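Here's the structure we're looking at; comments come further down.
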């Protein structure tokens, strides 16, 4: 019985330590997720300036990339909690060659999409950057002109 309690207690401590390891290194107000830290910035910037801001913030940082429904839901909840103004939020997906080939700014695989219905539509042949759509609760994406000014979310490793 004593050995069982010791093993159970050890497993609980280990599980707690692993959970803490995921969040130990993110600064306050950053979301820890899958080895990254995410932060929404309320400044309004165009897509390129937002990406450059993330890169200058810390080497290896980029606008956020999203790779699953779970990631999407967690980021949407985080943005809803921490964004101080209403409006759309830039993420790292863009079409730099303007050929309708979407890539993440961190060069991670483009293996998940959460487009809003009817998107991407490249309205006026001028929509090559992607934001989280506020009216969807930040769960859906919309392509939009890269010069639009929005808040943004950076993804970093600390």
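Each residue, glycine too, has its Cβ placed from N, Cα and C.
Classification of residue 143 (Ca(2+) binding site) by DSSP places it within a strand. Within 10 Å of the Cβ of residue 143 (Ca(2+) binding site) there are 23 other Cβ atoms, across all protein chains. Taken from Swiss-Prot, the feature Ca(2+) binding site covers 127, 142, 143.
According to Swiss-Prot, the disulfide bond annotation covers 26-37 (among others), on the basis of sequence analysis. Annotation note: residue 37 (disulfide bond) sits in a strand segment as assigned by DSSP. Under a cutoff of 8 A between CB atoms, and with a sequence separation of 6+ in the same chain, the neighbours of residue 37 (disulfide bond) are 25, 26, 27, 30, 31, 155, 156, 157, 158.
Per Swiss-Prot, the feature disulfide bond maps to 54-154 (among others). A sphere of 10 angstroms centred on the C-beta of residue 154 (disulfide bond) encloses 24 other C-beta atoms.
Cβ neighbour count for residue 61 (disulfide bond): 22 (other Cβ atoms within 10 Å of its Cβ, all protein chains included). As annotated by Swiss-Prot, disulfide bond applies to 61-156 (among others), with the evidence given as sequence analysis.
Taken from Swiss-Prot, the feature disulfide bond applies to 129-146 (among others), supported by sequence analysis. Just so you know, the Cβ of residue 146 (disulfide bond) picks up 20 other Cβ atoms within 10 Å once every protein chain is counted.
The domain 'C-type lectin' annotation in Swiss-Prot covers 33-155.
When secondary structure is read from DSSP and collapsed to three states, residue 121 (N-linked glycosylation site) falls in the coil class. Here Swiss-Prot flags 121 as N-linked glycosylation site, drawing on sequence analysis.
The feature signal peptide is assigned by Swiss-Prot to 1-23, with sequence analysis given as support.
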Can you name every residue in this chain, apart from 127, 142, 143, with its Cβ inside 8 Å of the center of the Cβ atoms of the recorded Ca(2+) site? 119, 120, 121, 122, 123, 129, 130, 131, 141, 144
Checking your reading of the structure: which of the recorded positions 54, 61, 142, 143, 154 lie inside a 10 Å Cα sphere centred on residue 129 (disulfide bond)? 142, 143
Quick note, residue 54 (disulfide bond): same-chain residues at least 6 apart with CB under 8 Å of its CB -> 61, 62, 63, 152, 154, 155, 156
DSSP three-state assignment for residue 154 (disulfide bond): strand
Within a 10 Å radius around the Cβ, which one of these disulfide-bonded residues has the most neighbouring Cβ atoms: 26, 129? 129
The answer, for which of the recorded positions 121, 142 has its Cβ ringed by the most other Cβ atoms inside 10 Å, is 142
